[in-house]
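Let me begin by presenting the structure, written as structure tokens, before commenting on it.
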Amino acid sequence: MDESLAKDAVFVASSKPSDLTTEVVGPDFNKYDERKKAGGPGITVEELVESYGKIGFQATNLHDAVTIINEMRNWRDPNPPEEKSDRATIFLGYTSNLISSGVREVLRYLVQHKCVDVIVTTAGGVEEDIIKCLGPTYVGDFHLDGKNLRAKGLNRIGNLIVPNDNYCRFEEWIFPILNKMVEEQETLGTHWTPSSFIRRLGKEINDESSVLYWAYKNNIPIYSPALTDGSIGDMLYFHTYKATPRPLVLDIVADIRNMNTHAVRANKSGIIILGGGVVKHHICNANLMRNGAEWSVYINSANEFDGSDAGARPDEAVSWGKIRGDAKKVKVYGEVSLLFPLIVAATFAK
């Protein structure tokens, strides 16, 4: 009696749903060893990422992100098949730490080669790009002592170190530009917005290592609704004491109209968001104006238990109308510097 009860509890019969067709299996590196012995290549990035689809966990989510991004790219083909004549608009959002890191060069590649149409970033995502043109950022350690670093004029971003002299160079570089912008505002009636301000910085830096430079060259707008929340805000603050008869004025309302108009006029919309916070919400909310995006890829390490926007999965945005109910969507949980270069290698750069 006891044995029968226990067996009934343990050996419950399975009823496999019809949609469970993919068996879990990892990459067989032996196969690629044999190919190398025959004079061929080892495993390629595309083959590795394809194998992720059957590994499970976040590997499968990364595979799905690659699949979704490649579908976005297919809809951006300049000569698409007739059934895909509605060209997709791709929105890219990223946080400032990614520009501080070597992900900057990955992002620059996307902008240089016109892989995306609209960008949203934070103030740091703007200023750190310029600052890197003026002085290097170094790899340090997460555990360096903050008090000692401060005494040496070294700023820590995770395990990255930015000499404070770089920000001094930034001030020297940007102040003459702010002077010219104020002059144009007062004498020519130039109406500045955060995005036109960023575009001007891209023009002035004139450096091919810069994301902003390529955005200027390729006419890709960069929006930053929290532009004053960083070193740029410090510079604007200091400049108010020198500007006459009035300081530089940036019209954020004009930018929200332009940002939302990109979404409203998009035939189809895909969003790629690296990190969370303002960049994530700004892009998603713009897509609300068109009843949601058709494709969505989130990559961040935040969880949803605290109700944060950063932690929210794409399905939460579906409830708000920011992503369509039938959209292709995925969230990859992980750190962007580890994941995004691999994703780009399997999509835009393949």
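Just so you know, the numbers here start at 1 and follow the chain as drawn.
Glycine is no exception: its Cβ is also placed from the backbone N, Cα and C atoms.
Swiss-Prot names Glu127, Glu128, Asp234, Gly307, Ser308, Asp309, Glu316, Ala317, Val318, Ser319, Trp320, Gly321, Lys322 for binding spermidine. Of His262, His281, His282, the residue it gives for the same site is His281. Comparing CA positions across the binding-site residues Ser96, Leu98, Ala123, Val336, the one lying closest to Ser319 (spermidine binding site) turns out to be Val336. Comment: spermidine site residues Glu127, Glu128, Asp234, His281, Gly307, Ser308, Asp309, Glu316, Ala317, Val318, Ser319, Trp320, Gly321, Lys322; largest CA to CA distance 38 Å, whole number. Across the fold, the C-alpha of Gly276 (NAD(+) binding site) and the C-alpha of Asp309 (spermidine binding site) stand 7 Å from each other.
A sphere of 10 angstroms centred on the C-beta of Glu128 (NAD(+) binding site) encloses 27 other C-beta atoms. DSSP assigns Gly307 (spermidine binding site) to coil in the three-state reduction, placing it in neither a helix nor a strand.
Of all the binding-site residues listed here (Leu98, Ala123, Ala302, Ala317, Val336), it is Ala302 whose C-beta has the fewest other C-beta atoms within 10 angstroms.
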